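Trainee: According to Swiss-Prot, the feature substrate binding site maps to Leu73, Cys74, His75, Met110, Glu111, an assignment based on sequence analysis. Per Swiss-Prot, the feature active site maps to Asp125.
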Amino acid sequence: MLTHLDSQGRANMVDVTEKAVTSREATAEAVVRMRPETLQLIQDGGHPKGDVFAVARIAGIQAAKRTHELIPLCHPLLLTSVKLELQAEAPDAVRIRARCRLAGQTGVEMEALTAASVAALTIYDMCKAVDRGMVIEQVQLLEKLGGKSGHYRKEEEGQA
């Protein structure tokens, strides 16, 4: 059953009023593939627009905080932590991991996915002048903790 649909099939925001406040956490990732020269430019700090990783990290944090403004039926959440790790993977990729946490009545999967996605889009935006062939891939939820549905880890599903 899709929780965002009412009995007539109309989209509605899920009512979480009666749900218990619990600790919740989600980790998502995205990968940006690029030419090796582009990755080297980022790593050397020689990009004309500045520190690509720093800007992407801030963009991801901001995106997580504003997810409810982008995805229509998401609840506005009081996130207690948003962390992004960006790692160069030679010869041609950047892996972005976003982790969101809160004590609340609904999960933070969409916030983590949004953070990773927007960080990847920011890398694309900053580097498109030197590499229009970049590809954003593998946007996925890696792990989710807390709430009624419990613990999910991607590897447990056999999708690693």
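In case you wondered, yes, glycine gets a Cβ from its N, Cα and C as well.
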Trainee: Could you round the CA separation between His75 (substrate binding site) and the residue listed as 'active site' to a whole angstrom and send it over?
Mentor: 28
Trainee: Which residue among the binding-site residues Leu73, Cys74 has the fewest other Cβ atoms within 10 Å of its Cβ, if you could check?
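Mentor: Result for the binding-site residues Leu73, Cys74: minimum number of other Cβ atoms within 10 Å at Leu73.
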Trainee: Got a sec? Which of these recorded positions, Glu111, Asp125, has the most Cβ atoms within 10 Å?
Mentor: Glu111
Trainee: Whole-number Å distance between the CA of the residue listed as 'active site' and the CA of Glu111 (substrate binding site)?
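Mentor: Per the Cα atoms, the residue listed as 'active site' and Glu111 (substrate binding site) stand 21 Å apart.
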Trainee: Cβ-Cβ under 8 Å from Met110 (substrate binding site), same chain, 6 or more residues apart: which ones?
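Mentor: Set apart from Met110 (substrate binding site) by at least 6 residues yet with Cβ under 8 Å, we have Thr67, Ile71, Cys74.
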Trainee: With an 8 Å cut-off on Cβ distance to the Leu73, Cys74, His75, Met110, Glu111 Cβ center, who else from the chain surrounds the substrate site?
Mentor: Thr67, His68, Ile71, Leu77, Thr106
